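Colleague: My questions will all concern the structure given below.
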Amino acid sequence: RMFHDDELEESEKFYVGQPRVLLLIYALYNTLVARSEMVCYFVIILNHMISASMITLVLPILIFLWAMLSVPRPSKRFWMTAIVYTEVAIVIKYFFQFGFFPWNKHVDYTKDKPYHPPNIIGIEKKEGYVHYDLVQLLALFFHRSILKCHGLWDEDEKGDSSSNKDDTDDELSLTGGRRDSSASLKSVNLAASVESIHVHFPEQQAAIRRKSSSSISQLSHRSSFSSHRSKRDIFKTINRTTLSLYSLQCKLCDIKSHCGLCCFRTLQVYVPIRQFFYNLIHPDYSAVTDVYVLMFLADTVDFIIIVFGFWAFGKHSAAADITSSLSEDQVPEAFLVMVLIQFGTMVVDRALYLKKTVMGKVIFQVILVFGIHFWMFFILPGVTERKFSQNTVAQLWYFVKCVYFGLSAYQIRCGYPTRVLGNFLTKSYNYVNLFLFQGFRLVPFLTELRAVMDWVWTDTTLSLSSWICVEDIYAHIFILKCWRESEKRYPQPRGQKKKKVVKYGMGGMIIVLLICIVWFPLLFMSLIKSVAGITNKPLDVSITITLGGYQPIFTMSAQQNQLKSLDPNEFNDFLRSYRGDTAALQFLEGYAREDITRAELEGNSNSLWTISPPSRMKMIQGLRDFDADFTVVLSWTIQRSGIVIMKDCAQEAGQLNHCGSSKHARSILPQSEIEEVYPYYIKAPSDSLAKPIKQLLKDCKWENITVSLVKNGSEEGAREWWVLNQLGKRQKTPQESLELFIFSDKVSPPSLGFLAGYGIMGLYASVVLVIGKFVREFFSGISHSIMFEELPNVDRILKLCTDIFLVRETGELELEEDLYAKLIFLYRSPETMIKWTREK
């Protein structure tokens, strides 16, 4: 070896022989040292997320608009600003913790108010008010020590003093001139000094495209570099000239007032900021990179957070659910605004990426940083009526957005790539890229939206249809390339039959899948109620009886305590009473004890009989006419709730009309018996029709009831109501009453209610047939696409597509048309396609 040192070898052996836990600690410390500035950024952002005040707002904005945009690293001035600002913030917070301030006397009342001035500023009294600020200061001191150890702390000052010596001399002479007496200013001929300054502007040249060293010759690189340098020197000369002119004018104005001093101070702040962004947009060197994919993923994560946590961005919607809101055809305003803003930023970011405009990205970054921070910390707390530090979803969204800001700053600092070729998923030809790319194409409208946006914001001579044609060909060829590469990695020998593992593994899985799809509705509807069904007991049972279409004579309802479940003894007695009845036992097999409810209704009607005298006379005449039929209408209503079937509230009602002959309704006063009119057993299914159960009735005959009219008071002002009594009750009671047994079918749980609501035929129409249509596409029409699917080697076609992308990016639009015509001719000529796709 060229260099050998025994001590270094012994040190390396000693280091390798240490325990793994200690080696892990060493590695973590080295990682911390290497990324100490990222640790400072993280602590500052975390402090702002927890404190959420104006005091902590300054440093995050400076990070995204100053530190991360500095080339090659943040300057000493930034770190000194952060350290001094943190120390001042700690002192201010400590000073306002004393109890003699008025707002510190009612801390418990004002601590949760988002718009309380001390809470907004960050000077409220609270426990642990300075913990995160001390951690932030500790991180900043740690980073400063790392920079000093590597000699990077004073590097900026040394570089500035060596490279910009003339600038500093001018500034020193300028500041030294301000200390002269006012008498010396009189000798300055301002008009002559202004006229003697001549600035020569060269002719405007075309914008020089950023190109990599591999595609640009050394001479063109030097010429472009010299042009950039000349532009930067001219810009600096203009800035120095402007400062000198204004300084001379300010000196004269300073004799009369302080307005000139204010103008000069403003220029001293404005000109360096302008110079900073100018250097950012027109850099000397451009280490181009492409982090658009990571920015897109960050925006996608934010989009998902908005969709599943939209309630955190609205008022009085902490318990809201997006699915229930959409099912009621109600779109929350907060959800709509957040989705549109997030989607709009993604579209604008895509446009800037395609146009490769750094200036637009800088403007967008400034607007977005100020807009997001203003909305998140000043508007959102007022909308949600809770502080940002108490909104976990908003904190998560803001943290991901900070990651996006960091990536955007890195993209601005390094510059956009010169060429954007294809999809980022098409860089490799393996199974992972294949399945991810196909999943990307399955997302509704994503492929179409991307293709149209790329066509709008990319310079091309192709029409939209031609553009989409090239994109579709490229996607198809990429998929074929992945399959051809997989065949090369896992070759199949000739004449060898397929293994049973492959046949039974793949084929058996497809067979099981197809069978499950075909019989899914039947299995689902039969098992969902028997296995996962939930008992839905009735909440209200009402009975109404009407004679001949006149005013109802009887209305009664049973609720709460009047609706009773059968105890085990009663249920066994109930089953024992139907021993030997096959039809009844078969029906009772589908019901458990908790599915049966006994409703006890009082015999006295809960409403008075308020029929008019003419209708009363007609009713009596109809009862006395034995030649005509007189109907008795008995209707019932069963109400259940708690399970969602089609709507949020499942209210099921059933009604049946039973017409008895006239002989049952004659001589109804004072008491009459009506035969075979009372159902006694009611089935309450999951649909909206409650039916009587004939299997449980003896000889399929309904029960008999007695009706009587009761009067109370004198003849003129008498109050009348009807009284009903059931004759064959199971539960014997001395007073008049009615008894009704309700058999409630089990209903599907809420999590599967959206599928169960369609029914068997609905599931077949909406699920099976739709899936069957997509499955049929894989098994039919294959013969028509053989010449495009069975291509042995697609490398030349893939290279032709990438050549089209390449000449488009380099501005060779005529060559783009020629290559596109060549691609179209290739797909029109099967013979040429065969020659192009032969194995080499």
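All residue numbers here begin at 1 and follow the chain in the order shown.
Keep in mind that glycine also has a Cβ here, set from the backbone N, Cα and C atoms.
According to TrEMBL:
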| type | residues | note |
| --- | --- | --- |
| TRANSMEM | 14-32 | transmembrane segment |
| DOMAIN | 34-154 | domain 'Piezo transmembrane helical unit' |
| TRANSMEM | 39-66 | transmembrane segment |
| TRANSMEM | 78-96 | transmembrane segment |
| REGION | 155-180 | region 'Disordered' |
| DOMAIN | 289-526 | domain 'Piezo THU9 and anchor' |
| TRANSMEM | 291-314 | transmembrane segment |
| TRANSMEM | 334-353 | transmembrane segment |
| TRANSMEM | 362-384 | transmembrane segment |
| TRANSMEM | 396-416 | transmembrane segment |
| TRANSMEM | 428-444 | transmembrane segment |
| TRANSMEM | 464-483 | transmembrane segment |
| TRANSMEM | 504-528 | transmembrane segment |
| DOMAIN | 564-839 | domain 'Piezo non-specific cation channel cap' |
| TRANSMEM | 752-775 | transmembrane segment |
Colleague: If we skip the immediate neighbours and take only residues 6+ beyond the ends of the transmembrane segment (291-314), which ones have a Cβ under 8 Å from one of its Cβ atoms?
Modeller: 320, 322, 332-335, 337-339, 342-343, 345-346, 349, 353, 380, 383-384, 391-394, 396-397, 400-401, 403-404, 407-408, 410-411, 424
Colleague: Please indicate, using numbers and ranges, the residues of the same chain that are 6 or more beyond the transmembrane segment (362-384) and have a C-beta under 8 Å from a C-beta there.
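Modeller: Residues 52, 57, 60-61, 64-65, 114-115, 120, 277, 280-281, 312-315, 334, 345, 348-349, 352, 391, 394, 398, 401, 405, 408-409, 412.
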Colleague: Is the transmembrane segment (78-96) packed against any residues at least 6 beyond its ends, judged by a Cβ distance under 8 Å, and which are they?
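Modeller: Cβ under 8 Å, 6 or more out: 40, 44, 55-56, 58-59, 62, 66-67, 70, 104, 118, 122-125, 129-130, 133-134, 136-137, 140-141, 143-144, 147.
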Colleague: Give residue numbers and ranges for long-range contacts of the transmembrane segment (464-483): same chain, 6 or more residues beyond its ends, CB-CB under 8 A.
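Modeller: Result: 422, 426, 429-431, 433-434, 437-438, 441, 451-452, 454-455, 788-789, 791, 794-795, 797-798, 801, 804, 820, 823-824, 827.
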Colleague: Take every residue in the domain 'Piezo non-specific cation channel cap' (564-839), average their pLDDT values, and give the whole-number result.
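Modeller: A mean pLDDT of 76 is what the model gives the domain 'Piezo non-specific cation channel cap' (564-839).
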Colleague: Which sequence-distant residues neighbour the transmembrane segment (396-416)? Criterion: at least 6 residues beyond either end, Cβ under 8 Å.
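Modeller: For the transmembrane segment (396-416), the list is 41, 45, 49, 60, 64, 68-71, 210, 280, 283, 286-292, 294-295, 298-299, 301-302, 305-306, 309, 353, 356-358, 361-362, 365, 368-369, 372, 376, 388.
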Colleague: Per DSSP, what is the residue count of the domain 'Piezo transmembrane helical unit' (34-154) in each of helix, strand and coil?
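Modeller: Breakdown, helix to coil: 82 helix, 0 strand, 39 coil.
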